[in-house]
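**Student:** Could you have a look at this structure, given as structure tokens, before my questions?
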Amino acid sequence: MYPKINTIDTYISLRLFEVKPKYVGYSSVDARNKSFAIHDIKNYEKFSNAGLFYTSPTEITCYCCGMKFCNWIYEKHPLQVHGFWSRNCGFMRATLGIIGLKKMIDSYNDYFTNEVSVKHKNRVYTHKRLEDMGFSKSFMRFILANAFMPPYRKYIHKIILNERYFTFKFVAYLLSFHKVNLDNQITYCMTCGIEQINKDENFCNACKPLNYKHYKILNFSVKL
């Protein structure tokens, strides 16, 4: 989860002031809960408790400061992310207090450095990897922009991971085994990457005996 406009308050203001919410209609937790519930979003309480309400499938908004966040649906710590990017939000100040907000930001800095920045590097790495593999620019934009978003997750399914989402680095890893060109709907063998195969297969006839056991353990496939 990250802000739609990539800005960050560099300090926490010590001035005491009253903040009028930008979206008064979502000031109550019930109103924010309802914004998620009517769109059949599950486990939405952590977002509404963080002062956020549903805007679109790719965007949520803080009712108080008005900051918008993208790629939010699998975020585990929305309160921390909200406080990290919007340090002078009236809701965050009222919820945690200035001292509590400072402590939370300090603890979140490690997560942001080790997780978020690494994912950004993986994104850049994946673009270069896909380019080297001969994929078109339109396909690379498709992967990088929509890898986490439904309905595009159906293209890469049955992925066994500890988390519910996969990183961009894993996309590159998967595609290095199974070369798929969405532009002309051609699928290649997961092992040799040379022989063309049917859409419902994973290996060419020559590679099937060598990879059947490995495929059963890894348990992923690509569906077009």
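Glycine is treated like the rest: Cβ placed from N, Cα and C.
Marked as repeat 'BIR' by Swiss-Prot on the basis of sequence analysis: 29-92. What Swiss-Prot records for CYS62, CYS65, HIS82, CYS89 is Zn(2+) binding site, and it gives sequence analysis as the kind of evidence. Swiss-Prot lists 189-207 with the feature zinc finger.
What does the local environment look like for each feature on the list?
**Tutor:** All protein chains included, HIS82 (Zn(2+) binding site) registers 28 other Cβ atoms within 10 Å of its own Cβ.
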**Student:** Counting only residues 6+ away in sequence within the same chain, which have a CB under 8 Å from the CB of CYS62 (Zn(2+) binding site)?
**Tutor:** GLY51, LEU52, LYS68, PHE69, HIS82, SER86, CYS89, PHE91
**Student:** Average the pLDDT scores across the repeat 'BIR' (29-92) and report the rounded value.
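**Tutor:** Here the mean pLDDT over the repeat 'BIR' (29-92) amounts to 86.
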**Student:** Which chain neighbours of the Zn(2+) site, leaving out CYS62, CYS65, HIS82, CYS89, have a Cβ atom within 8 Å of the mean position of the site's Cβ atoms?
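**Tutor:** Here the nearby residues are GLY51, LEU52, CYS64, GLY66, MET67, GLY83, TRP85, SER86, GLY90, PHE91, MET92.
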